[in-house]
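K.L.:
Pasting the relevant annotations from Swiss-Prot:
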BINDING   Gly9, Gly10, Ser11, Gly12, Ser13, Gly14, Lys15, Thr16  ATP binding site
Amino acid sequence: MVKIIGISGGSGSGKTTIVNKISEVISEFVLISQDNYYKSVGDYEYEFLDVNFDHPDAFDNNLFYKQLKKLKENQSINMPLYDFINHKRRDETIKIVPTPIIIVEGIMIFVEERVRNLIDLKIYIDTPNDIRFIRRLERDMSKRGRTLESVIEQYLRTTRAGYYRFIEPTKEYADLIIPEGGHNDKALYVLSSFLKTLVKDSSKFF
């Protein structure tokens, strides 16, 4: 039976760090990023758009749920790919064949109850605001074609408020909260030990 591990936290919280840690324990898994399920917003320059990317409605939540459910049922999907430079969904998709363990990561994967119910292990990465902002700034400028001014404007306009309104409250649904941006050795040890046992016999937990 397919098991889903969900990793959430604010933008720049260190979700990739945890995915890399999991990869040291689990050799075969599929990674699903909620970012690929953003809705297309057209071909205009980002600075001229009044779009809130830090709101649950920015995602195609129905498609995200349906595809995650299919993977849970051991069915393949054609996952969308999102172009962050042009802010629209690409024409091509990528075929995802389910593995026994699937990792799904994203800032709002714990917001909807129907999605939470599909996730067997929920991990929340708790990271100080300044660290998250610096990480997001570096990522968006180096990988997403953003300017310093646009990242700061978005953070002040929607990102900060969206985190406190939608993301941080979902900590209550987490099975494990990892502090310090994913660099807490004791928490990572607990996670690694759990995953090793999970790989051997998932029936002990689910």
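Yeah, the Cβs are placed from backbone N, Cα and C, and that goes for glycine too.
Could you tell me the structural context for the features on the list?
P.N.:
Thr16 (ATP binding site) falls within a helix when secondary structure is assigned with DSSP.
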K.L.:
With an 8 Å cut-off on Cβ-Cβ distance and a minimum sequence separation of at least 6, pull the same-chain contacts of Gly9 (ATP binding site), or say none.
P.N.:
Lys15, Ile107, Tyr124, Ile125, Asp126, Thr127, Ile167
K.L.:
Work through the binding-site residues one by one (Ser13, Thr16) and point out the residue whose CB has the fewest other CB atoms within 10 angstroms.
P.N.:
Thr16
K.L.:
An 8 Å radius from the center of the Gly9, Gly10, Ser11, Gly12, Ser13, Gly14, Lys15, Thr16 Cβ atoms defines the neighbourhood of the ATP site; name the other residues of that chain inside it, in order.
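P.N.:
Along the chain, the qualifying residues are Ile107, Ile125, Thr127, Arg132, Arg135, Gly181, Gly182.
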